[in-house]
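Working notes for the structure below.
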Amino acid sequence: MYINFKAIANWAKSAAGITITISIAVALYATINSGPYVLVNTIITGGMLALVATGLTLMLGVLNIAMFAHGEYFMIGSLTAFYVFTPISNYIMENPDSFLVIIGPVIAIVLSMVSGAIAGVISEKLVFGPLRRRSTDNWVMNSFLLTVGLSVLLINLHQLIFGADFKGIVRYWGGMPVSIAGAFISRDRIMAFLISGLIVFLFWFFMTYTRTGRAIRAVSQDATGAQIVGINIENIVLLTIALSCALAGVAGGSLLFMYPSYPTMGLEPLYMAWFVVILSGLGNILGAVAGAFMVALLKVVTVEYIGAGWDFVVPSALIMLILIFKPSGIFGSEVRGVLDK
Amino acid sequence: MENIQKRQPVNTEKSREKENNSSISKESNQSLSKKGNQSLSKERNQSILKEGDQSISTLDVFLEKTGFTPVGLLGVILLLIMPFIPPFNQEYLLRWLIYAAFIAAMSVGFDFTAGYINIVNFGYAAVMGYGGYTSSILAINLGLTPWIGILIGGLNSAILGLIIGMISLRLRGIFAACLSWFFGLALMGLATKLVWLTRGPLGLRVPRMFATESNIPFYYLVIILLVAMYILCKWVVKSKIGLAFQAIGQNMDAARTSGINPVFYRVFNFTLSCALAGILGGFYAHYYAILTPEVMHTSKTVEVLAVAYIGGRGSLWGGAVIAFPFIFIMEIIRSTLSNLPGLNLIIYAMLLILVMIYYPGGFSYFFDTHIRKPKNKALRYFLNGRETSAS
């Protein structure tokens with residue numbers, strides 16, 4: 001069997017290769033040094049981040065909207081899951097043998113995805129659509145500021161209608177934690193990771209192999225060209241927003257047991273997802289997934305070795321360094337080309 | 001006379017955009033004309049301009065130097081006598097006034113970056129907080145008087161702005177905004193975690209600037225800061241540097257091809273606007289006498305951003321004018337409808353969204369197109385100042 005060592009060496013010398021190798025090394029070191037829970041935490045946080053960040057990178061790639069309100073769809077998803085799951089869990093308490101023990105959480109998570117998609121469609125119809133029809137001059141900046149307003153609006157609507165207290169649940173699926181390689185992991189965490197893995201896989205499959213997914217990618221590469229070959233831009237735009245907000249919503253819904261719902265809960269996933277997008281460059285779904293795990297690792301390792309609360313300082317400093325030396329991200333190549341129209 | 005026409009006041013947003021598009025070519029024309037024989041006619045034009053200017057009054061000269069229109073000057077005078085007009089002479093209304101003036105000054109500095117070189121400095125509040133922390137830590141640990149501390153805070157923030165400007169050079173638009181945002185997040189994280197220095201979320205207790213309980217000296221200080229910052233920014237923007245800023249904001253590549261060096265202008269812009277933020281941060285710390293990492297939060301930047309954009313980007317005065325009614329309405333809603341928390345923020349977010357979609361020029365555009373051009377000559381002078389001066 002012939003192995004192309006030269007290609008591997010070249011890859012290892014590229015920015016992507018260096019970062020991936022270093023992250024794997026750091027992950028291994030931390031796992032050996034502090035125990036496997038570092039790896040487990042990284043994988044679960046990374047799975048959630050991958051969902052939010054792929055939505056964000058999709059928005060940026062297709063619609064050129066630098067979303068500041070993406071965390072708010074995360075919040076909407078978790079809020080929906082809370083209000084759907086609370087009655088279900090009360091019912092389960094009374095009837096422990098009901099089929100809802102298994103299905104109930106799934107219903108809540110699916111509904112959180114649907115509510116995220118609906119919220120995305122509504123915001124497209126009420127906010128982005130009117131702006132697009134009015135003018136597309138300086139679109140990136142204007143739409144970005146629009147999403148800033150949207151974020152403030154959604155946060156405070158939550159506070160006004162549902163109150164500012166923490167709305168959380170104890171668990172989705174009960175039962176004993178599972179032991180994997182000496183670390184005890186609750187079933188909810190495993191399920192959350194499985195859900196995010198499944199959805200990212202489905203999403204990647206959809207984008208790569210279906211006709212609609214290819215149409216979305218075509219629009220992200222060249223909107224005019226896509227229109228010439230007969231793609232309905234309006235539908236694609238609507239679908240993209242619904243998809244990316246649904247991804248954020250399902251992330252919020254499936255992590256309700258870790259992050260209770262409250263008005264400003266969306267900020268942290270938003271910061272982290274932006275770190276991922278900047279790190280991995282734009283329009284690259286697999287890159288965003290890899291970047292999500294790197295940022296998650298960075299965060300977990302920071303909390304482990306430096307202390308809680310530093311997890312904004314160290315990742316931002318590192319990402320600023322990356323931005324200085326590689327402005328287009330470690331996997332991307334034409335960030336500026338896409339954004340500077 | 002062509003030259004004089006070019007110096008006509010840039011009134012409307014649209015005409016300003018046109019001006020900007022032509023400004024790039026104008027810049028290149030100027031550089032060309034230095035070598036070519038066009039320079040002769042140019043000098044003649046300027047001499048004509050000077051001869052025409054000799055009949056202007058001292059008020060006009062003053063207005064021209066400071067960048068105010070008569071109505072603007074009247075507004076400043078109104079602000080100066082405001083603490084003695086009955087509803088505003090109560091202490092709590094004076095506190096609102098001070099906060100409004102503070103936000104107004106912030107929005108001037110913010111608009112200096114966002115409206116001209118078209119980069120939103122998303123860590124602006126963090127830079128402000130950094131200046132405030134510098135000044136207060138000096139005052140607490142070294143006993144330095146706040147007057148010098150504020151200046152040092154401004155200087156320190158200027159250095160920070162220099163760094164942000166330098167490292168964001170290779171990035172454009174939204175990516176530069178993200179970088180400044182991450183910078184702000186990192187600063188806020190540092191302020192929260194360096195407990196031995198900043199006491200973290202507990203907040204730093206800062207000596208006040210004036211020993212009195214009264215708010216009046218603080219009010220005058222912030223008004224002086226506001227006016228001085230406006231004059232400084234206006235002066236820079238009116239000069240050739242401002243033209244270069246606009247060219248860079250519109251189209252960086254075109255600006256570069258016409259011989260503008262974006263490195264200098266962008267770094268200069270960041271440095272100046274961050275220095276202003278640092279000075280204001282010092283004022284904030286020494287007025288409220290307590291400084292928590294909350295002031296560096298992104299939501300504070302969003303507040304300044306909303307004011308600057310509702311006021312109208314690229315105008316400097318728009319945000320400063322709109323800040324006063326805006327802050328007052330917000331405070332009134334907050335204090336009267338206290339059982340509905342967050343309603344004022346909902347209203348301001350709706351306002352920001354509506355303005356961004358349906359009226360992107362903001363208040364200054366509305367003023368320029370609908371109010372500024374009355375038929376009456378005296379009124380016209382009152383609103384615009386002398387005709388040939390750029391307003």
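Cβ coordinates come from backbone N, Cα and C, glycine included.
Because TrEMBL annotations are produced automatically, they should be read as predictions rather than curated entries.
Listed in TrEMBL for this protein:
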{"type": "TRANSMEM", "residues": "A:12-32", "note": "transmembrane segment"}
{"type": "TRANSMEM", "residues": "A:38-66", "note": "transmembrane segment"}
{"type": "TRANSMEM", "residues": "A:73-93", "note": "transmembrane segment"}
{"type": "TRANSMEM", "residues": "A:99-122", "note": "transmembrane segment"}
{"type": "TRANSMEM", "residues": "A:143-162", "note": "transmembrane segment"}
{"type": "TRANSMEM", "residues": "A:190-207", "note": "transmembrane segment"}
{"type": "TRANSMEM", "residues": "A:236-259", "note": "transmembrane segment"}
{"type": "TRANSMEM", "residues": "A:271-298", "note": "transmembrane segment"}
{"type": "TRANSMEM", "residues": "A:305-325", "note": "transmembrane segment"}
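A Cβ distance under 8 Å defines the sequence-distant neighbours of the transmembrane segment (A:38-66), meaning residues of its chain 6+ beyond its ends; these are 27, 30-31, 73-74, 128, 139-140, 143-144, 147, 180, 183, 185, 189, 192-193, 196-197, 199-200, 203, 216, 219-220, 236-237, 240-241, 243-248, 250-251, 254-255, 269-270, 272-274, 276-277, 280, 282-285, 288-289, 291-293, 295-297, 299-301, 304, 338-339, 341. In this chain, the transmembrane segment (A:190-207) lies close to the transmembrane segment (A:271-298): three or more C-beta pairs between them fall below 8 angstroms, excluding pairs fewer than 6 positions apart. Among residues of the same chain six or more beyond the transmembrane segment (A:12-32), those with a C-beta under 8 A of the stretch's C-beta atoms are 38-39, 42, 290, 293-294, 297, 300-301, 304-305, 326, 330-331. For the transmembrane segment (A:99-122), the most Cβ-contacting stretch among A:73-93, A:143-162, A:271-298 is A:73-93 (pairs under 8 Å). Tertiary neighbourhood of the transmembrane segment (A:73-93): same-chain residues 52, 55, 100-101, 104-105, 107-109, 111-113, 115-116, 119-120, 154-155, 158, 162, 167-169, 172, 245, 248-256, 259-261, 263, 265-266, 269-270, selected by CB-CB distance under 8 Å and a gap of 6+ residues from either end.
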